[in-house]
Amino acid sequence: MTTKNIAIIGECMIELSQKGADLNRGFGGDTLNTAVYISRQVKPDALDVHYVTALGTDSFSSEMMASWQKEGVKTDLIQRLDNKLPGLYFIETDATGERTFYYWRNDAAARYWLESPDADTISQQLAQFDYIYLSGISLAILNQASRARLLTVLRACRANGGKVIFDNNYRPRLWQSKEETRQAYSDMLACTDIAFLTLDDEDMLWGELPVDEVLKRTHGAGVMEVVIKRGADACLVSIQGEALLEVPAIKLPKEKVVDTTAAGDSFSAGYLSVRLNGGSAQDAAKRGHLTASTVIQYRGAIIPLEAMPA
């Protein structure tokens, strides 16, 4: 069997959080979470998982890469930029457990991965991949020229028989305006094969619409397979020309839910670990729910390896 490959594009940042008088340090990023959880759930000879970003030449960046390699995520497409650093965010938790996030990322290395001397070579390599996965955040951190260049890469990948997967993860503060985001998402969906959506993000960006209208709009943009993630509710899978699937989530007692930080990222990973290996959408959605329901029972985006579902 030929080993297929997936390139997951995005940004991973240094995470600082306060515990009493101490600061805890970790690493976090939506697409990185997905990369790790796919890597943990596929057989190594079935799918190679590559992460695509830019980092600095600092020790934090080196630690990040080492931790990804331990997870089986390939780092050969990651660039190290001399004059840049990874972004950073701080999580402040108040007495009620409510969290506030503060970001320092405006000049992070990841913003420049398509502007570096190696960008042409990496773009050519990406065009040969079986799958490319990215999120709304992967788009948001790029300038207009880099976004246009990325779309060219995605179109080339599809022309070569590859598939593009997009998660609509929308963070308004990363965009200049809704108009800019709508245009970028429309361009993106026009070259997407599988789209992961949450209705919260859809409503925030496009205005509230019934689910069937959201599906109609997304299919109309050119997407063949649309997966709507609905947290503790059943997910919906709509494949062009097939009956709508509704797959129930795994119900957990309230006291078991510890941290929903990476629920959506891990659902996508579970889904893709089955779907990209030839599994049905029904089985993929079940795996997505199982992965997410496991992850939210632990603190932090990346749970211990031994806690992963069988």
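From the backbone N, Cα and C atoms, a Cβ is placed for every residue, glycine too.
The model shown is predicted, which means the values in this text are computed figures rather than measured ones.
Now, the feature entries from Swiss-Prot:
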- Gly29, Asp30, Thr31, Leu32, Asn33, Tyr89, Tyr103, Trp104, Arg105, Arg171, Asp265: substrate binding site (BINDING)
- Asn169, Tyr170, Arg171, Lys229, Arg230, Gly231, Ala232, Asp233, Ala234, Ala262, Ala263, Gly264, Asp265: ATP binding site (BINDING)
- Asp265: active site, proton acceptor (ACT_SITE)
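Minimal Cβ crowding within 10 Å, among the binding-site residues Ala232, Ala234, Ala263, is found at Ala234.
Listed in sequence order, Asp30, Ser135, Gly136, Ile137, Thr198, Asp201, Gly264 are the same-chain residues six or more apart from Asn169 (ATP binding site) with CB atoms under 8 A from its CB. Secondary structure from DSSP puts Gly29 (substrate binding site) in coil. Of all the Cβ atoms in the protein chains shown, 27 others lie within 10 Å of the Cβ of Gly29 (substrate binding site).
The subset of binding-site residues (Arg171, Arg230, Ala232, Ala234, Ala263) lying with their Cα within 10 Å of the Cα of Gly29 (substrate binding site) is empty, i.e. none. Between the alpha carbons (Cα) of Asn33 (substrate binding site) and Ala263 (ATP binding site) lies a span of roughly 10 Å. Calculated from their C-alpha atoms, the gap between Arg171 (ATP binding site) and Tyr103 (substrate binding site) amounts to 12 Å. Ala263 (ATP binding site) falls within a helical segment according to DSSP. For the ATP site, whose annotated binding residues are Asn169, Tyr170, Arg171, Lys229, Arg230, Gly231, Ala232, Asp233, Ala234, Ala262, Ala263, Gly264, Asp265, the maximal Cα to Cα separation is 24 Å.
Between the CA atoms of Arg230 (ATP binding site) and Arg105 (substrate binding site) there is a gap of 29 Å. Separation of the C-alpha atoms of Ala263 (ATP binding site) and Thr31 (substrate binding site): 12 Å, rounded to the nearest whole number.
The secondary structure of Asn169 (ATP binding site), as reduced to three states from DSSP, is coil rather than helix or strand.
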